[in-house]
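One structure is given below, encoded as structure tokens.
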């Protein structure tokens, strides 16, 4: 029992250290992007807290896999301390952790974030009192609460029975597996709600992460345009516009009023001239900035990072393609959510993670790197694309200039994407997420020359769906991911869409030219002349 407690403490201590690192990362990340002029304490705390909860939930995945793996020896036998009661206790500890964190996520998504968002939307109205702002925000938030309640009710009572197919032995495996996942109504309701959010996260990942995986490394490799060259172009544009303004004004030297067409052209030229002079001030500031010189010295390092990121992206894409192809060829079909038994087509990550798990916490570190990679590539995609509602651009994400409402939208999108990363990791390494490094014993017949006959020997085999129910423990993560087969089917098709969008994004990123060092300065209507430092960072 003491050994069991020691193993449990090791896993949770690593989780605790990672929790502190997550909180520090979220604080730095949110503070980096929030507007310095419109900073609000409540929106900042909400953004940090919601993003941290999502990352902490993802951090439970390697803990879950670690605990089920450490119940067994590599020879396929259970450890001495891993009796039935201890095993159930460990599983319940992780399950209650998921219950708590997923409940907090539902609270953030369906109540707290919408309330804070609508509160600041009403705050923009100068004549609205604080009481009116709260009432209006609660009124709009009530709609989200109703949606959450409906999802919980549907999840609690939706039928989980799979279609019958008596002619296939695979169906028997699927039925037994789903029976093993439990039938609690509370678990079903929570799983349905979280799966619905994960489905939205899948759409966000297809839109932002897939594009960011190609845009981020190629932008690092290509770099930005030369500041001196941009200043030269800008100076030529200023001279051209000034000359055009003088030409228009010369038409009224004799006192005659300008025609309406010329007045409109003059107004447009004056606006253009103000914008160009504003660009000139920012370009001059950036050219003389020590930060620009420092970044120039780091240019070779950025190229190396870009090459590394594109190689990692190709590794993920190849692994995801092989995993999806394996499901297409060998799964139990769409009505089972494309559940696959065993691995017929191995991919690099599916082979690497079980090997790293033998030296704890190497697999923990790799999963953390994968999650952070998805965060950074998603952020790159959001910064390049912006936040849109169909064809209407709602917000731009700018370093040091993101409004409180946009910051909440940003963290909401990242929260949903992080939720989806658990399924992405499962797609990349299904056997690892389901059973970790567990083995079980099977009887194998061998021929012995000494005894001139056959003998039976128990040999270890990697856990899969063919293993006896009492020999392999399924992770609690897998329960939440596959409680409803139709969500798994949607994720499967979403993975193909992810691959297509990545390829499209790769082509677009290759065709696009270098970015300006002050990209977005022309679009930012709130850009003041005394704050050029935001674009020098």
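Every residue, even glycine, has its Cβ placed from backbone N, Cα and C.
In sequence order, 439, 441, 460 are the residues near residue 75 (N-linked glycosylation site), counting only same-chain partners six or more apart with C-beta under 8 A. Under the three-state DSSP scheme, residue 75 (N-linked glycosylation site) falls in the coil class. The annotation N-linked glycosylation site is assigned in Swiss-Prot to 75 (among others) on the grounds of sequence analysis.
The feature N-linked glycosylation site is assigned by Swiss-Prot to 85 (among others), with sequence analysis given as support. The 10 Å shell around the Cβ of residue 85 (N-linked glycosylation site) contains 10 further Cβ atoms across the protein chains shown.
Per Swiss-Prot, N-linked glycosylation site is recorded for 166 (among others), and the stated evidence type is sequence analysis.
Among the features that Swiss-Prot reports, N-linked glycosylation site is placed at 167 (among others), with the record citing sequence analysis.
Per Swiss-Prot, the feature N-linked glycosylation site maps to 344 (among others); the stated evidence is sequence analysis. Other Cβ atoms within 10 Å of the Cβ of residue 344 (N-linked glycosylation site) number 13 in total over all chains.
Per Swiss-Prot, N-linked glycosylation site is recorded for 445 (among others), and the stated evidence type is sequence analysis.
As annotated by Swiss-Prot, N-linked glycosylation site applies to 454 (among others).
In the three-state DSSP classification, residue 235 (phosphothreonine) falls within a helix. The phosphothreonine annotation in Swiss-Prot covers 235, and the record cites a large-scale study or a structure entry as its basis.
Sequence annotations record features per position, and here Swiss-Prot assigns phosphoserine to 525 (among others) based on a large-scale study or a structure entry.
Feature annotation from Swiss-Prot assigns phosphoserine to 528 (among others); the stated evidence is a large-scale study or a structure entry.
The annotation motif 'YERL motif' is assigned in Swiss-Prot to 229-232 on the grounds of experimental evidence. For the motif 'YERL motif' (229-232), the model's average pLDDT works out to 82.
The motif 'WTKF motif' annotation in Swiss-Prot covers 291-294.
Positions annotated as topological domain 'Extracellular' by Swiss-Prot, on the basis of sequence analysis: 1-7 (among others).
Sequence annotations record features per position, and here Swiss-Prot assigns topological domain 'Cytoplasmic' to 29-47 (among others). Panel annotation: around the topological domain 'Cytoplasmic' (29-47), residues 108, 112-113, 116, 119-120, 397-405, 407-408, 410-411, 534 of the same chain, lying at least six beyond its termini, place a Cβ under 8 Å from a Cβ of the stretch.
Taken from Swiss-Prot, the feature topological domain 'Extracellular' covers 69-97 (among others).
Annotation comment: Swiss-Prot describes 119-141 (among others) as topological domain 'Cytoplasmic'.
In the three-state DSSP scheme, residue 85 (N-linked glycosylation site) is classed as helix. Under a cutoff of 8 A between CB atoms, and with a sequence separation of 6+ in the same chain, the neighbours of residue 235 (phosphothreonine) are 280.
Residue 344 (N-linked glycosylation site) falls outside any helix or strand according to DSSP and counts as coil.
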